[in-house]
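Right, one structure below, let's go through it.
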């Protein structure tokens, strides 16, 4: 097999940036039987998780305190809308950037803008300075689009395919951990504040300091060609050709039938984030917001871990797992929205806007709090399942980078519109109705993709996907005696030659 670039390594020396951009093990060499810890997939997932915790995790913690913890929900929602508008662009440019500077440095660049936004919230809360919120939102949007796309590609491509569901859960747990910390900090600072309003000023300083560490944590990530898997297979995560050609290839990937069918689902998946945060800020006291973000995060981690374990349960075929998970997760999501519309409509029609606190004796506190928890659990499980679905749409390593860029770009577009809507005076039950409508639009097209996941053209139902690799890379691994594809129909491991024959039918 030739190197991932056409030129030979003997003709010129590739620098470290280029090595990060190409696949692992350019010669097709296998990982050692016992991986070095700091090169293991577990360590890589942990580094990625820490970065996710420090950057988007803590950003989410601020959002779930109630529109950035601020009394002015319209200002923060407008700033968030700007963030996601810029993210649409940077997400779609991410494959070209990865080609230029590599996975690790793209991740570091992506984590650099979050602390600027948190600093803007601090200045606004302490000194009523609003300009840095807008500037910070712009910085966050430019960097976060790259971060989101890069971390998605890493978490799909680095782990062993048999552990993909568990590693998705592990990664998302760190992101949600930002919400746990945000809730815990705010509970400690505002436990005696039973009123609505902004969180304590000191809260923002903690977030600014922690988020500033994200770019440095990203540098601990190993480049793909140095990662060592427990099954011996190398990691292929690459983009070839010129940076400008990546835009053309991304557009081609976008217009594949499977991807077009999934776009409504991807759009609707994160559209709910804005209305959930605004609902929290509108109807709950500061300490109730903090309790909500804390408990919602804990429940989301548990739900994601259960879902991830099920998605890796190889006694069932991939197709069986995908269909069961899809019907359960998205069926419950529809029920959540119906109940949310009813509750939000009831709260909106009160003569005076209520503010609920856990000390209230009425049932309204429990109803509203329950809606908030359900929407957060649904948001996180839908998020994880969407990644699992997309991971089965291709086994080409270049496609993974492009697919995650598309996912994050479409998600960002949806969130930009969502935060824009929530920055207006549109009533929350109407916004929840929009989310319900998007769910209805998305559910059938996505099912057309889900019902065929894990089934080869000849009708074989596989239990595990092949690793991400091009055909010539896969052939070289077979020559070295490595089985790189899924177990057979009974879930038993196959030999290398059977693996390639099975994969060729995908």
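A Cβ is built for glycine as well, from the same backbone N, Cα and C atoms used for every other residue.
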- transmembrane segment per TrEMBL, picked from 105-123, 238-256, is residues 105-123
- Matching 201-221, 348-368 to TrEMBL annotations, transmembrane segment lands on 201-221
- Note on the structure: When TrEMBL is consulted, the range among 409-429, 430-450, 451-471 described as transmembrane segment turns out to be 430-450
- Top stretch by Cβ pairs under 8 Å to the transmembrane segment (105-123) (candidates 42-62, 201-221, 259-279, 325-344, 430-450) is 201-221
- Message: Counting a contact as 3 or more Cβ pairs under 8 Å, with residues at least 6 apart in sequence, do the transmembrane segment (129-158) and the transmembrane segment (42-62) touch?
- Response: yes
- Message: Same chain only, please: residues at least 6 beyond the ends of the transmembrane segment (201-221) with a C-beta under 8 Å from a C-beta of the stretch. Say none if there are none.
- Response: 44, 47-48, 50-51, 54-55, 58-59, 61-62, 65, 69, 103-104, 107-112, 114-115, 118-119, 121-122, 125-126, 154, 182, 185-186, 189
- Note on the structure: Other same-chain positions with a Cβ less than 8 Å from the transmembrane segment (259-279) and lying at least 6 residues past its termini are 63-64, 66-67, 73, 77, 80, 253, 344, 368, 371-372, 375-376, 378-379, 382-383, 386, 389-390, 393, 403, 406-407, 410-411, 413-415, 417-419, 421-422, 428, 431-432, 434-435, 438-439, 441-443, 445-446, 448-449
